[in-house]
Amino acid sequence: MVAITLPDGSVKNFEGNTTVMEVAQSIGTGLAKATVAGRVDGHLVDAHDPIVADAKVEIVTPRDDDGVDIIRHSCAHLLGHAVKQLYPDVKMVIGPVIDDGFYYDIYSETPFTPEHMAAIEKRMMELIKQDYDVIKKITPRAEVIKIFEERGEDYKLKLINDMPGEEAFGLYHHQEYVDMCRGPHVPNTRFLKVFKLTKMSGAYWRGDAKNEQLQRIYGTAWADKKDLKTYIQRIEEAEKRDHRKIGKALNLFHMQEQAPGMVFWHANGWTIYQVLEQYMRKVQQDNGYEEIKTPQIVDRSLWERSGHWGNYATNMFTTSSEKRDYAVKPMNCPCHVQVFNQGLKSYRDLPLRMAEFGSCHRNEPSGSLHGLMRVRGFTQDDAHIFCTQSQIQQEVADFIKLTLAVYEDFGFNNIIMKLSTRPEKRVGSDESWDFAEKALADALDNSGLDWAYLPGEGAFYGPKIEFSLKDSLGRVWQCGTIQVDPNMPERLDAEFVNEQNEREVPIMLHRAILGSFERFIGILIENYAGWMPVWLAPQQVVVMNITDKQAEACENVVNELKKSGLRAISDLRNEKIGFKIREKTLERIPYMLVLGDKEVESGSVNVRTREGENLGVMSVAEFIILVETAVAEKGRQTPKIDQE
């Protein structure tokens, strides 16, 4: 007898072993038809996996987040089924679930085209209509190897070789197609009807550019058509907001092959950059940070002592001169310790907060570069706090509060916080990691805010809290971090004199709020579709004449606005005023001032907004107050976005 406890506390008894599907059938045929998988004592299992002992069971349906993820994972297998039917010579690699969808990496001698993707999607739909069952078989290792050898699936064999301790594997049979997976998967293809293949890209085996190139096909899948339609609309909107397109249209920046991963900032884009830097400089000054500047090229001996040379060398640009090896700094932290080490510090000097707008370079793979979002040369709003163990919790708590306030200024209110713990490749003792992880967890707990763990995702020198923003399209961007690091100060001989007049190694907190200026500007561009809040707009005001007679008056107004600290330009072209207004609206300039004879005579301006609102006639002084009020609101007042 097997006793099954359901979420409502009721108990059902079964003679002998049972399955999630049988439990669902005992409740009702409707639930059984909707069953995708189940949770047995908290663990996800396939609908037909045997339950051999008393257990707590939850039925998973497409209405559950887990159910949608299972549908997506099964769609990846369905994609494999379709691809192998159409192109038998290709070799399947991996097909995981990702945010909002899935992908499959495939090795093919022939490059895939959009026509190939359309054919694959069509075949997937045909297979779904066959309404076949997906069969799971736990298969001994030797038999699994034989199956994939016979099918010529070299990459599956390599994956098996990576798991020497596994004596058996789960094989999922989609008719004649077989794939290897831990599961769970849907019991039948009828659950996979709501999907769409979305794009293709290149990838490398094991993510290493030295290995063979693969072709990656992306897709999305949902529980119902309405969710799919909403997602497709969101993707289309994201394409309109692509920061590379908007950056070109608004003359913000460009990239070119002669400097891969490096940004050529134009005047408009550099203005946004400078506004961010000036804002962050004041934030840091107001919160007790001292700003420093350190070298960009440093001898390898420092990077060896810090641990970067052994743990991060492949991502560092190096050079040599006069028989010495140097690295262009990928991070600022070792250099900040050098500043701390100049002069003996007392416990009375702590916490010591050092900030730098540090220019860093990392040798990212060329295939991963993506506009401002993934670059090789970037600037961080970087800072390091040297403190005692007893000061960690308060410093982290203060940083959390500061970070959330900064994000609110940029219009981001939906913030996700996660604690990334020790990775396999790391420096320092387990005891130091235990202490550091607990310090961050305690600070998060005491903040009263929701947070989650990210196991194994910490930096090699310490755990960290990651702050992720959810933008206006619901996308999540990881930006800020704070990391507890007891290791680097010790490696680089940092010390202070404690209250007992003894030498002690300080704790080092690595922290950034924006992350990199480049990436954060890219996020802002896409979040606002280029319609920046007034305080961030490259040009806040354009002054336009109706005829040549008002040209001088326009220039006088521009000068008055500039003296008040506003970013203003004039448009004195001999064009119709309607044409000029339309053009400057497309340039996303927040305010347009029109001067005709009446305005010149009265010393006033006619004010229009980029949203098309006519604010009427007012004095220049009144207009300046209007703009200063909008600037003070920062990103708390979201601009109306017009995609026309």
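Backbone N, Cα and C define each Cβ position, glycine as well.
Residue counts of the domain 'TGS' (1-61) by helix, strand and coil are 14 helix, 26 strand, 21 coil (DSSP-based). Residues or ranges marked as domain 'TGS' by Swiss-Prot on the basis of sequence analysis: 1-61.
As annotated by Swiss-Prot, region 'Catalytic' applies to 242-533.
Residues or ranges marked as Zn(2+) binding site by Swiss-Prot: C333, H384, H510. A C-beta separation below 8 Å, combined with a sequence spacing of at least six in one chain, links H384 (Zn(2+) binding site) to N332, C333, H336, V337, R353, M354, M508, L509, H510, R511. According to its DSSP assignment, H384 (Zn(2+) binding site) is in a strand.
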Three-state secondary structure, which DSSP defines for H510 (Zn(2+) binding site): strand
